[in-house]
There are 4 protein chains.
Amino acid sequence: MSRQKKDIKRVVLAYSGGLDTSIILKWLQTTYGCEVVTFTADLGQGEELEPARAKAELLGVKPEHIFIEDLREEFVRDFVFPMFRANAQYEGLYLLGTSIARPLIAKKQIEIARKLGADAVCHGATGKGNDQVRFELGYYALEPDINVIAPWREWDLTSRTALIDFAEKNQIPIAKDKRGEAPFSVDANLLHTSSEGKVLEDPAQEVPDYVFSRTIDPEKAPDVPQYVTIDFAKGDAVAVDGVALTPGALLTKLNELGRAHGIGRLDLVENRYVGIKSRGMYETPGGAILLVAHRGIESVTLDRGAAHLKDEIMPKYAELIYNGFWFAPEREMLQALIDKSQELVTGRVRLKLYKGSAAVVGRESPYSLYDKELVTFEEGAVAYDHRDAEGFIKLNALRLRTLAKRNARGAKGA
Amino acid sequence: MSRQKKDIKRVVLAYSGGLDTSIILKWLQTTYGCEVVTFTADLGQGEELEPARAKAELLGVKPEHIFIEDLREEFVRDFVFPMFRANAQYEGLYLLGTSIARPLIAKKQIEIARKLGADAVCHGATGKGNDQVRFELGYYALEPDINVIAPWREWDLTSRTALIDFAEKNQIPIAKDKRGEAPFSVDANLLHTSSEGKVLEDPAQEVPDYVFSRTIDPEKAPDVPQYVTIDFAKGDAVAVDGVALTPGALLTKLNELGRAHGIGRLDLVENRYVGIKSRGMYETPGGAILLVAHRGIESVTLDRGAAHLKDEIMPKYAELIYNGFWFAPEREMLQALIDKSQELVTGRVRLKLYKGSAAVVGRESPYSLYDKELVTFEEGAVAYDHRDAEGFIKLNALRLRTLAKRNARGAKGA
Amino acid sequence: MSRQKKDIKRVVLAYSGGLDTSIILKWLQTTYGCEVVTFTADLGQGEELEPARAKAELLGVKPEHIFIEDLREEFVRDFVFPMFRANAQYEGLYLLGTSIARPLIAKKQIEIARKLGADAVCHGATGKGNDQVRFELGYYALEPDINVIAPWREWDLTSRTALIDFAEKNQIPIAKDKRGEAPFSVDANLLHTSSEGKVLEDPAQEVPDYVFSRTIDPEKAPDVPQYVTIDFAKGDAVAVDGVALTPGALLTKLNELGRAHGIGRLDLVENRYVGIKSRGMYETPGGAILLVAHRGIESVTLDRGAAHLKDEIMPKYAELIYNGFWFAPEREMLQALIDKSQELVTGRVRLKLYKGSAAVVGRESPYSLYDKELVTFEEGAVAYDHRDAEGFIKLNALRLRTLAKRNARGAKGA
Amino acid sequence: MSRQKKDIKRVVLAYSGGLDTSIILKWLQTTYGCEVVTFTADLGQGEELEPARAKAELLGVKPEHIFIEDLREEFVRDFVFPMFRANAQYEGLYLLGTSIARPLIAKKQIEIARKLGADAVCHGATGKGNDQVRFELGYYALEPDINVIAPWREWDLTSRTALIDFAEKNQIPIAKDKRGEAPFSVDANLLHTSSEGKVLEDPAQEVPDYVFSRTIDPEKAPDVPQYVTIDFAKGDAVAVDGVALTPGALLTKLNELGRAHGIGRLDLVENRYVGIKSRGMYETPGGAILLVAHRGIESVTLDRGAAHLKDEIMPKYAELIYNGFWFAPEREMLQALIDKSQELVTGRVRLKLYKGSAAVVGRESPYSLYDKELVTFEEGAVAYDHRDAEGFIKLNALRLRTLAKRNARGAKGA
C-alpha cells in the first residue's frame, strides 16, 4: 500500500466499458466513496461504444455523468497529422500509435472534470508502462492541481484471480473469454493496434500469427500490386486516389488499403520511459503508408536545409511524444519549427502497395523544387556552371588541407 | 575553359577500364602531356578487372604503372561496417552505397601517388554530382598539396558525339552499346548499385523495370519466406546462418539473399551537396538486410541513452559521409562515439525475407538488456516497484504544473 | 582574370562613401560601362551620410539614383532583436555584429534594384572573408537571377598602390589618412565594431590599445559600479531604467552604458565560413549587456524544456547567421521555434556594470516560474513531496542498474 | 513515513564530520541498528579532515571503519579536466562544480562497501535537490543492488529545532554557530563553492556581500591587471606561468589567481533536475579562468568541424553531468567524441586578469591551424584563390535560388 488515500469527491474515469475499467469503476466507488464520471472515447478502436453506456449505468453511474464522444476526426486532425508532419518514428521505427492518443484522452477528461467540478481523474494504465506517464503528464500539464488516481499502482488486485473475484463480488458482468488470462495485451485506435505481454515476452520467438488483427498476412495479400495516389496540402494528406476525404476518413481509407496488402507490421524491442525494455508488435497499416507518402512529397517540395533540420530534430520530437510530453513547451516549439516547413508541402504521391510494402513510385507538385534542367547531364542554359564546383570544393577542402599539413608536420620546429 | 592548365608530370587516374575513363586517360596524355598511372579497384562492382590492364597498356600506360587491387574486404571492413554501426541513412532512407566507396578509392590513389612521386590525381566524376566532391575532399584531406584534375569540369567534350569523336580519333576501342547515349547512368560496388539520369529524370514516372540489375522483382521472388540468422560481434556482422564469414564474403552472401527476395530497392529524390535535387534508384540488397538486423541486435543490447544519442547524431553522420567528409575530424569524432557504443552489440538476429522485405522476427544475445522479469505484468521479486512510478511522474510533471499555473494566472496581480 | 564579364546595364552598389567603395563605383562605370545606383545605409556606424551623397554625385551618379536610408530601427527590431532572442553566440563567444547587418543591406539593395529595374548588385567585401558570402546569399535568396559583381574578386587592383593609382587617375578624392595602408580593417554598426587584419594578425600578440574605439579601457572605467534595469516584453528589451525606448534608441542607450564601463570587448580567433581561421577584435558594448540581461529574464520565465531546447539549437542558429543563411528556410524554422518560446519572456532584470563586466543581480517577472514555496528547504503545503524523489531516482536509475548487472555478469552462461 | 525500513547490516556514509552528517550517523545507528562506516573525502573543500575521524570515533564508529582520503588529484584529473575538455556549462553559464564531485564520492563509497561487504550506502543530500539524484544514480550505476538510504527523505527531523533536539539527546557536539539556522547553505570543493537557500531565495535581491567566500570583491581587487600563461597538453592544463603542476596543484594555483582578482562569481537562477527553479551563487575562480583559457587554445588548434560539433553536443553533455548521469553510457560516448578532438589541443594561452574578468590576449601552439599567409588581405602564393569563393557561394546559393524561384512563381500554372 502506498501513501494515504486522498479525499476525493468526484472522479472522471477513462472508461472503455471493458472488464478492467469496470472493475476500476467499482473500485473507485468502494475505495474512495466518490462519484464516478465515465468518459468513453471513440478513437477508432473499432468497438461499439453504446454498451459502455449501459454498463456504466448498470454500475450506478448517473446518466448525466456518462460521456461518450466520437473523437476520430479530432484525433487525426490535431494529433496524428501534426505528428506525421515530422515523420516521427521512435527509435527509428515505431509510429507512436499509442503515445499520440493519450494526450487527447487526458485533455477530454480534464475538460469534463472542469465542467462538472470533479476533483480527480483516473486511468486504467498499469504501473510499469508508458501510458500512466502519458496520461498523467497530460493531466498535470492541463490542470496542475488535479488529483490523479492510478488504480494499478494502488490496489492489491495484483493477480487475475483477485480481479475476477472482485468483479464477481461486485456483480460486474464478465465475458467468458475474459475469465482467464488474455494471451497478450492490446491497445487500438484509428492509427494502430499494439500487442504486448505474455506470448510476446520472449523477443527471440517470432510473433504468433493469431496476434495480428489489423493486417492480412503479407503472404495472403493479393499477388498483384495496387497503385494508389495520395494528395497532400501543407503537409497533411487530403485525398486518396483523387477523392478528398476528412482526416479521419482518409486514415480509415489508408487503413483499409494497408490491411489488404499486409502493410505496417512491426515487431520491436523498445525502451520504455520508465527504464524497461519491452517487446511489442504494432500494426499501423494506414500510418505506414502515410509516412512513406509524406516523405515522398517532402522529397520534391522541401529545401535541403529544411529537410535536414527536420531529420535532426525528429528523434527528440518522437521521444517527447513517446514519453508523454505532448503538452510540454519544447514539443510545441518543435511543432512550430516543423509546421513552418510544411507551408508548401503540397502535391501528389503515387504509391505501389504489395505484400507488406508501400513504395513511392512517383511524386509531383505545383511547388516542386526538382528541376530537370539543373540536374540533367547536359550543361544547359541554366544556373549551374560546372566551374563553380571547383571553387565549392576548394573552399570546403581548405580547412581539411590546413589540418592535413598541420598533422603532417607535427609540432612546429620538431 | 576555366583556369590555366597546371604543369603536371604524373597523374594517378581512377580507371575503370570503361570508355569514359579510357577517354580521360588519353585526354590526360594529350592535354597535360603527362604520364598516366592507372588505378583500378575491385570494390565488388561485378566486372572483370584484367581487361582494364590490357586496355591501359594499349593506351600506352607502362606495366609498372598499372595498379589493380581487390579492395572488397577492406571496403566492407573499414568503411561499410563502421558506417552500418551508425545505422546511417541519408535523408532517412539512402544507405550511402556510392558515398562510402569514394574515400577508399581516394585513399588508394594518394597512396600510389606518394609511392610513385606523382603530382596529381584524377577522377571521372562529373561536374554536377556529389562524387567529384567526395573524391576531391578525400584527396585534399590526405595530401593537401596534390593537384586534382577533374576532366568533366575542364574539357570541351560536352556531348556524347564529342566523346565518341575523341575516342575514334585516339584509337580508343568503343564497345557497340557505348556508341549511343546510355539510357541511365550506373555506379556499382559490393554494397549497392545506383542508377540515375535520363529515363529516371522525371520523378513522377515509375522506374522502368529494365533499370534494376541487382534484385529480382519482388513479384517474381519466391512465394515462400526464407528465414536467416545473422550473428553480430561488437556491432559488426560476423556470420550468416551460423557460418562465420569475412566482411566481404558476408556482404556477398547477404547480397545473394537480398537479390533472391527482391530486397533493398529504393526510388528516391535526394538533395545533392552541390545544391541540386536529383532522382536516383538504388539497389542495396545485402545492406538493407544488414541495417534491419543491426537495429535488431542493438534493440536488445544497447541501453536507451546510448541508442537515443546514436539516433540523434545519425543524420549529421550520414550527411558528412554523403557530402564527402569521411576524413574530416568531426566524422572521426562521431565514429569514436558510435564505436564506443558497440562494445557489447553482440548476438544473433533472426530475419524473415519475403518479397521485398526483411523483418526481424527474433533476437538473442549473451549481453541482452531485455529482462523478462522486469517487464512482465506481474510484479515480481525484482527491482521494479510500482510505487516508484508515482514519484517519477510527479517530478517529471512538476515543471509542467508550475508552467500551467503560471499560464493560468497570467501576469501576477493582473 | 576570371570568367568573362557579364553585360550589365544598371547596378545597385552598397556604397559607404569611403575611398574603397568610391573606387568600386568608378571601376563599375569604367569596366562594365553601366549605370551605378548607390545605396548608403545608416546602420548606426556613427558616420555622417550626407557626404556620401555629394561624393556619389561628384562621381557622376544621378541624384535620383542616390539612396540614403536610416535603417537603425529596422536593423535592431527585425534583425538584432530576433537574433538575441536566441542568445546567439558563434563559437561560444561572438555576438555576430557584422553577420547580422549584411542580410538587411542585401535586402535593401534588392528592393532598390527591383524598383529601378537594375540587373545587378555589387558589394565591397573582399574575396577571403565571410561578408561576400553573406551579401551574395542574401541577394540570391531574394532575387535568384540577379547578377552579382564582387570587384575584389574580379579586378587587378590587388595592392594599396594600385588602388591609389586608380583613384588618382579617376579624380577620386583621397583623404590623407587613406593614402597609406590602414593598420587594421574596421566594420561598424549599431551593434558592434569589428577590427581585423594587419596589426591583429598575430594571435599571440595582445590587441594594441589604439584599436579600440567603442569602449573605454576597463582600467579607465569608473571605480564605482553602476546599476541599471532592463525591461523585457516577449523576449525583446523595451526599457532601460524604466524608460521605454524604441529598439534603436534602446541599443544606443545600452551602447553608452557599455562604452562607459568598458563592456563587450572580445579578442577572438574564429573559423570563417570560407575555411580560414582569422583573428578579430570585437566591441559590442550594448549587445554584451543585452545578452546577459536576456539570459537573466529567461532564467525566471522560461521552462527548463524550452530553455534547454534553445541552448541545444543555438550553435546551429548562430552558425547559420554567421555563414550568411539568414534568408534560408532552416533559419526561419529555428526562428519560429525560438519565437514560440518567448511569448512570456517579460519582466525586469537588474544589472551591475563594472569595469568590463555586466552581471545580473536581480530578476523579476509577472510571469515568473520561480516558486519560493517549492524551493525552500522546509517542506511546505506545496506540490513537492520528498518521497516523490525516491521513485524519480529509482526509475531513472533502472536502465543503469540493468546495464551494470549485464556488464558485471559478462556474457550469459560464460 | 515512506515505505518500510529495509534490513541493513552495514552502511557506508558520506561523512563530512559536520553536524548534519553526524546526526545522520547517529540516526542510522539508532533507526537501522546497523554498523556505520564513514567515508570522508578531501576534495579541496578547505576543511581539516582529522576532526572528522575523532568525531566518528566519538560516535562509536570503529577505527577500522573510518576512511579518510585525499581525492584532490583524482578529482581534478579524472573528473574536472575531462569535463573542461568539453567547455561544459549548464544552462549556458554554470560550471558544474557541485555536479562533478558527486560521482567521485559515490564511486569511493561503493568501493569501500565492496571491500567491507557493506549492504548499503548513505548520503546527506536533501529531498528537493539535485545531489540526491547524482549520488544515487552513481551508486546504482556502479552497484545495482546496493541499498540506498537518504535520511532527509525518510526521517521526521524536518525542522532545525528537531535536528538540534536529536543532536542533544544523542550527545552530538554542536558548534555554537550551528545551533541556529544557517543563513544559506554551502557546498565546496577544489573547483567551486556554491551557496543557496535562505537569504538567496529571492532572485530579485542582490546576493549579500557576506555570502562570498572564495573570491575577493572585484571592487577590492588590484587596480593593476595581472598577466598569466597557461600551458595545455592534449586538452588539459599542465602549467601556469611556465611551471608544470599536477592537476590538483594547477587548479589550486588558478584558484589563488582567481580569488585575488575576483574572478568566477555567478549569480544564477537554474533549473534543477527535480523540476524546480532555484537560485544559487557560485564561485569558481580557477574554473572560470580555465574555461576561458581552454577555449583560447582550442581556437587555434581545433578544426572548425571539430569545434562546432563540440559546441553542438555541449549542452547535452553538461545536462547529463548536471542531472547525475556521469556513469551513463551516453556520457561516456560523448566523452569519447570529445577526447578524440583533444589530441593536439596543446599550446600556450596568455590571459589578462582584472577585476572580475579573465580575457585571452594571446595564444600560440606548435599545432596551430591559424595561418597568417592564408588570412592576410594580400593574395599570396598560398592555397587560397579568390576565384574559388565565387563557386563556393554559387553552389551554396543554388538551393536558395531554386527556392526563391519556386516561391515567386507560386503554384505552377497558377
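Even glycines carry a Cβ here, placed using N, Cα and C.
TrEMBL: automatically predicted annotations, no manual curation.
Of all Cβ atoms in the protein chains displayed, 19 besides its own lie within 10 Å of the Cβ of A:S16 (ATP binding site). Among the features that TrEMBL reports, ATP binding site is placed at A:A14, A:Y15, A:S16, A:G17, A:G18, A:L19, A:D20, A:T21, A:S22, A:A41, A:G124.
Taken from TrEMBL, the feature L-citrulline binding site covers A:Y94, A:S99, A:N130, A:R134, A:S185, A:S194, A:E270, A:Y282. Secondary structure from DSSP puts A:Y94 (L-citrulline binding site) in a beta strand.
Feature annotation from TrEMBL assigns L-aspartate binding site to A:T126, A:N130, A:D131. The DSSP secondary structure for A:T126 (L-aspartate binding site) is coil. In sequence order, A:Q132, A:W152 make up the list of same-chain residues 6 or more apart from A:T126 (L-aspartate binding site) whose Cβ falls under 8 Å from its Cβ.
Annotation comment: TrEMBL describes A:10-173 as domain 'Arginosuccinate synthase-like N-terminal'.
Residues or ranges marked as domain 'Arginosuccinate synthase C-terminal' by TrEMBL: A:184-401.
A:N130 (L-citrulline binding site) and A:G124 (ATP binding site) have their C-alpha atoms 12 Å apart, to the nearest angstrom. In this structure the residues listed as binding L-citrulline are A:Y94, A:S99, A:N130, A:R134, A:S185, A:S194, A:E270, A:Y282; their two most distant Cα atoms lie 18 Å apart.
Of all Cα pairs drawn from A:A14, A:Y15, A:S16, A:G17, A:G18, A:L19, A:D20, A:T21, A:S22, A:A41, A:G124, which the record names as binding ATP, the longest spans 16 Å. Residue with the densest Cβ environment among the binding-site residues A:S22, A:S99, A:N130, A:S185, A:S194: A:S99, by other Cβ atoms within 10 Å.
Of all the binding-site residues given, namely A:Y94, A:S99, A:D131, A:R134, A:E270, none has its Cα within 10 Å of the Cα of A:D20 (ATP binding site). Checking the binding-site residues A:G124, A:T126, A:N130, A:S194, A:E270 against chain B with a Cβ-Cβ cut-off under 8 Å leaves A:T126, A:E270. Apart from the site residues A:T126, A:N130, A:D131, the chain places the Cβ of A:A125, A:K128, A:G129, A:Q132, A:V133, A:R134 no farther than 8 Å from the centroid of the site's Cβ atoms, the recorded L-aspartate location. Confidence in the domain 'Arginosuccinate synthase C-terminal' (A:184-401), given as mean pLDDT, stands at 95. If you take the C-beta of A:Y94 (L-citrulline binding site) and look for same-chain residues 6 or more apart in sequence within under 8 angstroms, you find A:L266, A:L268, A:E270, A:Y282, A:Y322. Within the same chain, residues at least six positions away from A:D131 (L-aspartate binding site) with a Cβ under 8 Å of its Cβ are A:T98, A:R102, A:H123, A:A125, A:D187. Taking only the Cα positions, the spacing between A:S99 (L-citrulline binding site) and A:G18 (ATP binding site) is 20 angstrom.
Taking the Cα of A:A14 (ATP binding site) as the reference point, the closest of the binding-site residues A:R134, A:S185, A:S194 is A:R134. Comparing local CB density within 10 A for the binding-site residues A:G18, A:G124, the maximum falls on A:G124. Counting every protein chain shown, the Cβ of A:D20 (ATP binding site) has 17 other Cβ atoms within 10 Å.
Across the fold, the C-alpha of A:S194 (L-citrulline binding site) and the C-alpha of A:S16 (ATP binding site) stand 16 Å from each other.
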